[in-house]
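Pulled from TrEMBL:
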type: REGION; residues: 1-60; note: region 'Disordered'
type: COMPBIAS; residues: 42-53; note: compositional bias 'Low complexity'
type: TRANSMEM; residues: 75-97; note: transmembrane segment
type: DOMAIN; residues: 79-523; note: domain 'Major facilitator superfamily (MFS) profile'
type: TRANSMEM; residues: 117-140; note: transmembrane segment
type: TRANSMEM; residues: 147-166; note: transmembrane segment
type: TRANSMEM; residues: 172-195; note: transmembrane segment
type: TRANSMEM; residues: 207-228; note: transmembrane segment
type: TRANSMEM; residues: 234-255; note: transmembrane segment
type: REGION; residues: 267-318; note: region 'Disordered'
type: COMPBIAS; residues: 282-294; note: compositional bias 'Basic and acidic residues'
type: TRANSMEM; residues: 340-357; note: transmembrane segment
type: TRANSMEM; residues: 377-398; note: transmembrane segment
type: TRANSMEM; residues: 405-424; note: transmembrane segment
type: TRANSMEM; residues: 430-450; note: transmembrane segment
type: TRANSMEM; residues: 470-490; note: transmembrane segment
type: TRANSMEM; residues: 496-517; note: transmembrane segment
type: REGION; residues: 528-565; note: region 'Disordered'
type: COMPBIAS; residues: 537-548; note: compositional bias 'Acidic residues'
type: COMPBIAS; residues: 549-565; note: compositional bias 'Basic and acidic residues'
Amino acid sequence: MVRQAENMQGRDHSDRLVPAAASSSRVSGNDNHESSGRSGTVSRLSGMLSSVRRSSKSSESKKKRMPWGYKWRSSAWYITAVVGVGVCSDALTYQIIVPVLPYRLQSLGYTNVSEKVSWLAFAYSIGIFVSTFPVAYYFGRYPYRRLPLVAAVIILEAAQILFMLAKPYAALVIARFLMGAASTVVWVVGFALICENVDEARIGRQIGFAVSGVSIGTTIAPPIGGALYWNLGWYSPFIFTIAFLAVDTAARMLVIERKQMMKYESAKTTDMPLTATPESTTHMDGDEKARPDLSTDPEAAIASRDRSPASTRVPKIPDKVKSDLTPWQVVAKLGRSSRGMNGVTITFIFGFVLGALDPTLTLRVQSVWHKNSAFVGLVYLAASAPTFITGPIIGALADKYGAEWIMAPSLLLSAPWLPLLILKNSLPGFIVYFALSQTFFSCALGPVGLELAMAAREVEGMSEIHQFSAMNLAFSISSAIGSVVGGQMYDRLNHGWEAVCWFMFAVTIVFIPLPFLTAGKRTLWDRCRGRPGKSETDDDGAEIEASEDLPHRTTESRDSGETPT
């Protein structure tokens with residue numbers, strides 16, 4: 001009995017142990033399952049990250065590399081230098097034949113040489129006039145500037161070859177027309193390229209450097225052209241210009257615009273490899289809830305941008321709204337911009353004086369002092385050399401103090417020297433008077449680019465293309481009128497040179513009050529009366545005062561959380 005009871009107790013004890021062992025085995029199986037699940041999740045996550053890294057590496061390998069020399073090719077100084085060389089080549093190709101063209105026409109047997117030269121200058125101006133409208137219309141919508149600049153310089157080279165080889169007068173007219181059309185692209189698209197790739201605070205300085213290319217071209221062209229023609233013949237000046245244009249073409253082809261750089265930078269930012277950490281995967285939901293909405297919180301957006309690494313930031317360029325304005329709407333809006341009209345008017349005066357002198361000055365020096373083309377080139381050199389220095393200085397001063405302090409006084413000081421060109425008792429005196437008048441005209445023209453750029457930002461729907469097209473149009477019309485009037489007066493009046501000089505003086509005097517009343521953000525007329533600057537319009541159409549302390553007040557109101565008024 002005792003043995004039977006012990007056996008029964010043993011079976012009961014074993015029965016109790018079996019469920020316990022089964023339950024312990026189930027617990028250990030669950031633990032093993034959970035650990036294997038976690039390890040599987042980690043392995044899948046690591047596999048996903050490795051695939052992302054592989055895809056990012058493959059995308060980086062497929063991605064287009066940054067262009068060679070992209071830093072200096074897209075820099076503001078290189079773009080300014082390219083535009084400066086472009087306007088230098090334009091002035092060079094125009095001015096290099098000015099002192100030799102009368103001698104060339106005489107050698108070909110033409111009569112009324114001054115009249116013939118004036119009509120060739122007229123053809124050049126008509127080329128500018130005719131091409132300005134399509135250039136402004138199309139390239140106001142076309143976003144890139146390098147291709148039209150390269151095409152323009154190729155057309156200019158072809159026109160140079162045609163003018164060099166042509167003997168019929170009609171062929172000379174066609175070649176001169178093509179030169180004017182190519183010049184339009186350089187002056188309109190080239191200066192718009194500077195405004196789109198340079199900070200607003202430095203536009204005046206950079207345009208001043210670019211405009212100095214005109215001074216360089218007009219300085220070196222006449223003496224080089226006269227010397228080459230006198231010693232090597234008619235073809236030599238054109239061979240020189242074609243070689244110079246080849247260098248200009250290469251420089252334009254190397255330009256990288258900021259719009260192109262933004263594409264590279266955007267692709268670089270988009271293709272950055274994604275990385276994850278356990279903390280980021282664990283707390284991702286919490287961070288997304290705590291992150292502010294950057295689209296509705298500007299201060300958070302600015303703070304987020306400032307905290308981001310500099311290498312991941314893409315420079316922001318204000319998007320210029322494509323203008324659908326018709327040419328007449330552009331003219332109407334331009335007429336309501338006093339600064340734009342001021343720049344266009346100064347360009348008109350400069351073009352008129354330059355156009356009147358081109359067909360007459362060479363013949364005047366030849367008839368009074370019996371000098372050849374090489375000496376006439378030296379006269380142009382003496383007149384243009386000071387403008388090479390004044391261009392950058394005037395641009396920097398306009399940025400710092402305002403265009404109003406430069407344009408009106410310079411235009412006033414350019415007028416008295418024009419009647420003195422009538423005197424013929426002293427050749428050195430004639431050269432000095434001519435140099436002073438051209439220097440002050442150049443100083444008055446220097447801030448025109450800044451005025452047009454600022455006017456384009458103030459008038460809704462207008463762009464730099466429209467403003468510089470208007471400037472080019474004014475130059476073409478005025479130079480055409482000046483060349484025809486000057487050439488006709490010189491040939492058909494008994495005292496033709498005297499009439500030309502007094503006519504240039506009268507035109508200059510008539511327009512002197514305009515920059516005094518309209519130039520700059522706060523005109524000299526407003527300063528004399530103690531009034532604030534011109535009123536501008538904000539984005540909502542409300543009128544705001546454009547006084548000198550406006551940026552300071554706007555900053556304070558932004559810091560205090562108030563809306564600027």
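Each Cβ is built from the backbone N, Cα and C atoms, and glycine gets one as well.
Taking every listed stretch (147-166, 234-255, 377-398, 470-490) in turn, the largest tally of C-beta pairs under 8 A with the transmembrane segment (496-517) is reached by 470-490. Between the transmembrane segment (470-490) and the transmembrane segment (405-424) there are fewer than 3 Cβ pairs closer than 8 Å, counting only pairs 6 or more residues apart in sequence, which means the two stretches are not in contact. Same-chain residues lying 6+ beyond the ends of the transmembrane segment (430-450) with a Cβ under 8 Å from its Cβ atoms: 191, 194, 203-204, 207-208, 210-211, 215, 343, 346-347, 349-350, 353, 361, 365, 379, 382-387, 390-391, 394-395, 398-399, 403, 406-407, 410-411, 413-414, 417-418, 420-421, 423-424, 468, 471, 515, 519. Non-local neighbours of the transmembrane segment (172-195) in the same chain are 76, 79-80, 82-83, 86-87, 89-90, 93-94, 119-121, 123-132, 135-136, 139, 145, 148-149, 151-153, 155-156, 158-160, 162-163, 166, 203, 206-207, 210, 255, 257, 449, 453, 456, 463-465, 468-469, 471-472, 475-476; each lies 6+ residues outside the stretch with a CB under 8 Å from one of its CB atoms.
Sequence-distant neighbours of the transmembrane segment (340-357) (same chain, 6+ residues past either end, Cβ-Cβ under 8 Å): 121, 125, 334, 407, 411, 418, 437, 441, 444-445, 448-449, 451-452, 455-456, 459, 462, 467, 470-471, 473-483, 485-486, 500, 503-504, 507-508, 511, 514-515, 518-519. The stretch in 117-140, 147-166, 377-398 that contributes the largest number of Cβ pairs under 8 Å to the transmembrane segment (405-424) is 377-398.
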